[in-house]
């Protein structure tokens, strides 16, 4: 998958931009605060329909303006699609090949982006909710079925929680709501477990290449039940056992909305034993493993965005990261120093100053 060109209007500090990209490596160089990350953010926005930097889309619209637009031609296995997102106070408008789409789930994945940014190192110390969201985001790129099932599960969970807030809870009706929620949850548990199982050997492969370490890495999936035996029977039994607590607290206590994902190194939580350097290399390995898993699933590499990665690495690790990137992969890199990006692959270099972008190499 490649981004052939990108057109931005009133996105962050970028008033009007139209760029064509190298199919290999694209480097955006400039001082901090000039708008390098805004370009990366626009690609992620086109991929997911949301920002990785702010919780509210309204902050993406350039100050003093009423809308933004992101338009790109995405080439995927000799097929080119024109994608467009327009955001205004009226909402979000999605378009593929000049045809409007109503659902974000129909749009996600058409521009498939995997992002590394400096905040990713917080994965280890983040709340379980944020870690779950990260895994759901990555898994959703590979499976619309997963996205749809997760949406259904969230809807049923909201319905059950709303019912628990009633003064008088009918146990028979609560049982019906519980069974519906359990039925929707089983596929999510299975897909999360399968995702982690497939990811772990690839994470180890990249971590060993990047760090010269023989440590054993495991991304551990903490599911609400054992992954052995009858999943539905286990989950239903666990939720039935907590009926009274659910009624007392007026919220569902057990379920996939409590799942967590913990990185372990030699059977010890990474957060407890690893240095900042080890944590950073592990997150890079995690992202590269996701890239590889997407390739195995879709037979095309996603677009890889590396935002301000190289300033935190020494020369040896910078070289290792660049060397493990597959030649078929299109890569977008932001940096304050072009000397950090020494690759033999063909690349285009763009200078970014105050939201203005000029191709210099």
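Glycine is no exception: its Cβ is also placed from the backbone N, Cα and C atoms.
Worth saying up front: this structure is predicted, and the values here are computed from it rather than measured.
The ATP binding site annotation in TrEMBL covers 30, 31, 32, 33, 34, 35, 36, 37. Here TrEMBL flags 3-344 as domain 'RecF/RecN/SMC N-terminal'.
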Mean of the pLDDT scores, which run from 0 to 100, over the domain 'RecF/RecN/SMC N-terminal' (3-344): 95
Binding-site residues compared (32, 34, 37) - the one with the fewest other Cβ atoms within 10 Å: 32
ATP site, defined by 30, 31, 32, 33, 34, 35, 36, 37: further same-chain residues with Cβ within 8 Å of the Cβ centre: 334, 336, 352
The one of 30, 33, 35 whose CB sees the fewest other CB atoms within 10 Å, among these binding-site residues: 33
Listed in sequence order, residues with CB under 8 A of residue 31 (ATP binding site) and six or more positions away: 336, 353
Cβ neighbours of residue 36 (ATP binding site) where a neighbour is any other Cβ within 10 Å: 25
